[in-house]
Every structure is written in structure tokens, then in C-alpha cells.
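Structure first, commentary second.
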Amino acid sequence: MARSTQHLSNQPLQRSHILDAARSIVVRQGFDALSMRKIAEDVGYSPASLYLHFSGRDAIAHALCIEGHALLLASLHTHDSMLDPGERVKAMAHAYVAFGRAHPEVYRLIFMQNPAYTDAAFSDPEAAGESALSLFTQALASSENPPAAAEIVWTALHGVVSLSLTAAKYLPTPVDVLVDTMLNLCLPGRYVGVKKKSARKRPSARTA
């Protein structure tokens, strides 16, 4: 039986204990199952004790989004050392999709649950303004329009992740193939939008 009152706890309640319990609930049962009462049951404290650390369920969701977003960025940063920009973009794209599929409830919480939660993840001061979009923009610096190219890639990758989470049976093509095909279609020149040379104008025919 879960401990339900504060005086039965053996150690002071820490913010990390609350987040650990909340994360476990979200991963196991989905965000809809998350409540202050449920978290309190899992950590063995009264619900009132949680409010000493968080103002409510939304505040805990914000913290989980910040934490999850940091993990996503870390997975993308593992490819920083790749010198070939095309290979770097490709590796980052696969890492993004792999993260979303490996952590479906966390991904849903950050990008598919509530715009306010997405804002919370992106406003983390420790991230210093970094996002998947900014990292792809850096990786696509040699493209004709890095911001637009990055937005296209991020939008497409989010589509792959979200559909693989919500409608996987309608995606018969392997996810890795979808990612590679998307990159080939969106980004010419080995996945990097190589600047196109302007076509030479043909000399006009002389009139007789």
C-alpha cells in the first residue's frame, strides 16, 4: 500500500522526487493520468506537500517539458563533431525521430499536448535559446536559405514522429526510409541545400 501521509515519509520531500514520480506516471500511463493526488501517492506524501515545490499539475508539466527538451537537444548535440554538413544533418534527423519514438509520452507532452508546455520547454534559460530548429539552422548554414530549410526539415520530422505515434499502421514504409527520402526531396546536394548557380541567359537571336 502506498504511503499517503507526510509523517510516514522517511526523508524530506525533494523537487526531484516529485519529478521522478511524475515522469514515471507519464511514461507508464500517459499525461492524462498525471494528477497531484497520484504523484502524492507514489512519493508517499500528502498532496499538500507537493504544493511547497510546484504550484500545480501544469507547473510539473512545464518542468518535465524543460527536462525532456534538454534530453532531445543532447541527442542532437552528439553529432556536433561530424565535419560533413550533409552527414551531420542526416544523423541529426535520425536522432530526432529516434528520440520521439523512444520517448513517446515525453515527445507528446513537449510538442503535442499544450502550446504552453511547448513554450515552457523553449523558454528554459539553461538552453540559452537553443532548439531543434536552431541546431538544424546551424547545420544547414551552407544552404541557400538556412532558416527556411531548417523549418522544412523540422516540420517534416515532426510529421514523421507524430504520425508514427498516432497512426503507425498507415505508414508501411520503414521510418528510416521515410527520413532519408524526406531529406533527399527537401534538401538537394547531399541533404544540404547547395546554392544553385543562376542559369546563363542565352544570347538573343539577331534579327535579320
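Including glycine, each Cβ sits where the backbone N, Cα and C put it.
Residues or ranges marked as DNA-binding region in TrEMBL: 35-54. Feature annotation from TrEMBL assigns domain 'HTH tetR-type' to 12-72.
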Helix, strand and coil counts within the DNA-binding region (35-54) (DSSP): 12 helix, 0 strand, 8 coil
Let me know the model's mean pLDDT on the domain 'HTH tetR-type' (12-72). 92
